[in-house]
């Protein structure tokens with residue numbers, strides 16, 4: 001149950017950038033206020049909206065550590081630490097700058113904005129539940 005809530009919270013914040021995570025991947029320590037994920041795959045299309053002159057071919061984060069202040073959730077910041085970030089990029093070819101590719105990147109950008117709005121809504125709900133329980 002608790003792992004499911006933490007998983008949903010993580011996907012709310014980082015779901016547009018990382019591939020789906022399983023509850024079994026989560027290492028949660030309540031006393032240290034830390035959630036640890038290892039070997040997290042990146043969603044390569046998530047970075048298309050940046051319109052960089054290179055394309056991501058592969059990416060992963062070796063260690064993703066999240067410090068969550070459970071007792072002060074909503075007041076203290078959540079800190080995300082990325083270690084061992086590996087990315088493989090290549091130069092974009094001319095076909096990637098065609099209108100179809102540009103439209104896909106714009107769609108990815110709109111999808112990222114929608115995810116951010118949904119995240120804000122989830123954060124407000126978590127804060128509301130947290131303040132009711134205190």
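Cβ atoms here come from the backbone N, Cα and C positions, even for glycine.
Per TrEMBL, the features are:
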- 1-125: domain 'Chorein N-terminal' (DOMAIN)
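Averaged across the domain 'Chorein N-terminal' (1-125), pLDDT in this predicted model comes to 80. Taking H, G and I as helix, E and B as strand and the rest as coil, DSSP gives the domain 'Chorein N-terminal' (1-125) the counts 57 helix, 42 strand, 26 coil.
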